[in-house]
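Below is one structure, written out as structure tokens; the observations come after it.
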Amino acid sequence: MSSSPSPFGQNEWLVEEMYRKFRDDPSSVDPSWHEFLVDYSPEPTTDSASNGRTTTAAPVTPPTPAPAPAPEPKAAPKPAAKTEAKPAKPAKSATPAKGDESQILRGAAAAVVKNMNASLEVPTATSVRAIPAKLMIDNRVVINNHLKRTRGGKISFTHLLGYAIVQAVKKFPNMNRHFAVVDGKPTAITPAHTNLGLAIDLQGKDGNRSLVVAAIKRCETMRFGQFIAAYEDIVRRARDGKLTAEDFSGVTISLTNPGTLGTVHSVPRLMQGQGAIIGAGAMEYPAEFQGASEERIADLGIGKLITLTSTYDHRIIQGAESGDFLRTIHQLLLDDDFFDEIFRELGIPYEPVRWRTDNPDSIEDKNARVIELIAAYRNRGHLMADIDPLRLDNTRFRSHPDLDVNSHGLTLWDLDREFKVDGFAGVQRKKLRDILSVLRDAYCRHVGVEYTHILEPEQQRWIQERVETKHDKPTVAEQKYILSKLNAAEAFETFLQTKYVGQKRFSLEGAETVIPMMDAVIDQCAEHGLDEVVIAMPHRGRLNVLANIVGKPYSQIFSEFEGNLNPSQAHGSGDVKYHLGATGTYIQMFGDNDIEVSLTANPSHLEAVDPVLEGLVRAKQDLLDTGEEGSDNRFSVVPLMLHGDAAFAGQGVVAETLNLALLRGYRTGGTIHIVVNNQIGFTTAPTDSRSSEYCTDVAKMIGAPIFHVNGDDPEACAWVARLAVDFRQAFKKDVVIDMLCYRRRGHNEGDDPSMTQPYMYDVIDTKRGSRKAYTEALIGRGDISMKEAEDALRDYQGQLERVFNEVRELEKHEIEPSESVEADQQIPSKLATAVDKAMLQRIGDAHLALPEGFTVHPRVRPVLEKRREMAYEGRIDWAFAELLALGSLIAEGKLVRLSGQDTQRGTFTQRHAVIVDRKTGEEFTPLQLLATNPDGTPTGGKFLVYNSALSEFAAVGFEYGYSVGNPDAMVLWEAQFGDFVNGAQSIIDEFISSGEAKWGQLSDVVLLLPHGHEGQGPDHTSGRIERFLQLWAEGSMTIAMPSTPANYFHLLRRHGKDGIQRPLIVFTPKSMLRNKAAVSDIRDFTESKFRSVLEEPMYTDGEGDRNKVTRLLLTSGKIYYELAARKAKENREDVAIVRIEQLAPLPRRRLAETLDRYPNVKEKFWVQEEPANQGAWPSFGLTLPEILPDHFTGLKRISRRAMSAPSSGSSKVHAVEQQEILDTAFG
């Protein structure tokens, strides 16, 4: 018995073969072996230790006869001389029979002989256990399907068995011992570590097969992922011939798997130096069922078995211990925790299949549960989807009780049973295993789908048919194209980070996949033959989108980083580089179409641009006649809107804008929403920023399908993008894509996010980018080579570097203070706004040109008749003057859009722009008749009048966007009361008042704000004149408060005809709508124009004497009529009233000319109804004395006291205050 068995065991032949090669030519052996082989001394082999050599059989030649032996002397007996080996002893040479072939066993074969002989010295026994293999089989299918979809590779049964053996050894360390004689004494040696020996079958160059046993060292310290990596490393190096001496030594327990050859039960030999060897047999059904059909086996609940044997050294391991060891392996292979650990280690986010007892219920009962399970996946499958690339909570499986087969009374034994599915996945019957495969592929992989909240069954079916059907994998060319987009996205950010360290750019790092996603949206729109995609997005990633989607030249982007300004675009304040817009043309890579692409300008106010985009797109659609009123290729301009997750859930304008989606006055035929969900809002976690499960839950209010997709899967992102466009085209509805990703850096490049999200950023800091992960996947699948990937990235980086160097060489323009935009647009000096009487009469007649059989409400008919009368006889009121202005513009070919809450009728029952049939509810719009000339030809004009949703923010934003999208349209929005316009303050501040100065974005939008103190309380009084005057500068807007119907008429017509695009803010009347004094004659419409300053009629008609005036009252709006009535009552010839109709820009020349006509004025007062700190006074009190010091030095105010609210809530207090103003004015 050897006291020191070879450390290489059955691998000794390989070591000796390497030694012979090393001895003959050291360079022929891997250098890692040199140090060992220098001192190696091979033991005698079987063929050299005895005379038992075998040779190739040949004809036997008789030996030469030996001389006759001499007689033996009669001496004392001597020890018998050694004779030739007797036949019974193995050392004796055998003589092959004639015709036999013999071969000397060398190398591996000789080592096998030696090792088998040595193994005879080990007294062994064997324990045998049959273990159910079904759970291992089913979970291996789940594992390998996941690996196939993700990083590639496979898990074998041997991987699982080997790991189970290692875990069992932890409970039974004696199984890891081996026997040795130490100092002449029998000893049981317990190694410090478990070194699992793997029997690896290798095929040589000559085709001969050999077996080596290499060790996975220190297995007990490894988790499953580490164990698999070490396992695969050993196998790979064995097949590449790169194993080292260290790999062969120190095996403590072995695993052999003859089951791969079909062997069911094996009792392997145990080599010296080991305590046990585990044999794994083939997986088979019990013999008595091997002739049964699959259906019968499934019905009976029969599973395959695997037979494990434990052959152990009986000197140190007892049978009970070996049996318990196998029982522990048995338990592990059926244990929930064992497979839970494996799934977590492999990054599989789903629960493993569980070992449960078969449920004896009938197949009919179970069939109903299967149908319920299908419905559950359609409803809740998204809750189990693997959509978070960070997997911050990697200890929790994505699961839901409704999606657990066990919750439905089903078990793993039902997986191979067939059930009726009534057309699910296009078939009538299907195995539960296949049903689950379809459901999980459809709803639980890298895409989670929410659609069962949609009320229309047709739309649900449409989605089901597409997501439950296996979709084609992208072609290699398409994969390379996706990779090129990822390359471009990442390289752009890396370049800017390197070249412009510390500059804010709000990078897209961590969310680069949105670039191929957006590209897929635009490409699919082009595939459908659409006209344009208009994009709105926040600042994060905007520069990347400008460069890689819109196609803005890199040189221009880099110039903006360098601080270079284009002199031709230098007017106005400008804006930061990540707020600017651009336009471009997208050309399909794999198609023949192209499509226009534009990116709207936006402020930092998140989501404020949403309604602006919708309005802009609707305007473009109406221009192309493909909007709500169009018929061919409806809604051919597509809004593509990007959001942040925190903003989408948190900003109310999102819900306001979504609410417009299906309204006839606001529909755009479906918006594609992409939420770039980086799972954080600056420093706020989702748990603190929303109460809903998803940031996108708000979109369910309009029945929009929602696709949650893992941003680390570019192919899934591109597939979802194309599906979203197809749905939009099929149903003209919004679609929401929630792309989960992360933010590589802080909110901006100077921020350290680890201060508030340390764990998240520990994960992010070690995470590979999506480009690298996708590249590795493509290379691993053999779709591209490493060189192709590196070349593509280098080419893009080189292109950026060249442009960067060119920009650095540009001559920098000297930076000067910004210039005003005021001079960029001027109203024509001789613009005619009057119309002839025939036009007035035509509009009047239109109000009674009712459709045949149309029944007018009895309270509305007098209004229509009165309008026709006014058109012919005069005394035209405010409401009709407005309709005359709009109708005449329509007749001249202008598209007029008027919207607001209750706008068709008017808040104050004054407008009646749309007449409703008393009996049928049909609508008649008189002004639409003006779109046709008397001879029947179209004028080109159109009247679009809509009641809006009860919204200010979204409604005003939409109309602003519409005015940008169609600069030639007359776009008006009316507040229900002027007080409510502050609900749209962000739109007013960020777009209406400053859009031109910041972005050169022009708008002609008109805001009609009912304003006036009439005792209705603080929320029904003021349109906040002071706020608009504070915002006004550089001619950014026109602000007016006309006091006569005719002046209002001319103001609107001037705005519609002046050819410039600047917003118009009009403070319109309420009580004055029915003031009999507030009317205008026909000649005021046919002969006049807008007058920014108005004197009293008595002076313009020559009836009053201006020289008698010593007290001048300047005012604006409704209070003029109260002042005029008081003056007439008191016959005050010393008092004159001058109205400033245009509050901004101030008509300084006309104002000065008017005041010069009153030479004897001693006192000048500004009279207003508003409190002292509101209305026009805060502006006029400062600017009038400044711009006209000769006329307004000493100007005094008459008004209500300064107040925090616009007015008193008491009508009686209001009356007292109003009287006090009048008394003071004439005091």
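Including glycine, each Cβ sits where the backbone N, Cα and C put it.
Listed in Swiss-Prot:
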BINDING   Asp645, Asn678, Ile680  Mg(2+) binding site
COMPBIAS  43-53  compositional bias 'Polar residues'
COMPBIAS  88-97  compositional bias 'Low complexity'
REGION    1-41  region '2-oxoglutarate dehydrogenase E1, N-terminal part'
REGION    23-102  region 'Disordered'
REGION    42-88  region 'Linker'
REGION    89-335  region 'Succinyltransferase E2'
REGION    336-1227  region '2-oxoglutarate dehydrogenase E1, C-terminal part'
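Here the features listed in Swiss-Prot are placed on the structure.
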residue: Asp645; record: Mg(2+) binding site; Cβ within 10 Å: 24
residue: Asn678; record: Mg(2+) binding site; Cβ within 10 Å: 24
residue: Ile680; record: Mg(2+) binding site; Cβ within 10 Å: 22
Inset, instruction - Compute the centroid of the Cβ atoms of Asp645, Asn678, Ile680, then list the same-chain residues not in that set whose Cβ lies within 8 Å of it, in sequence order, for the Mg(2+) site. - result: Gly644, Ala646, Val676, Asn677, Gln679, Gly681, Pro686, Cys741, Tyr742, Arg743
Legend entry - Average model confidence [pLDDT] within the region 'Succinyltransferase E2' (89-335): 88
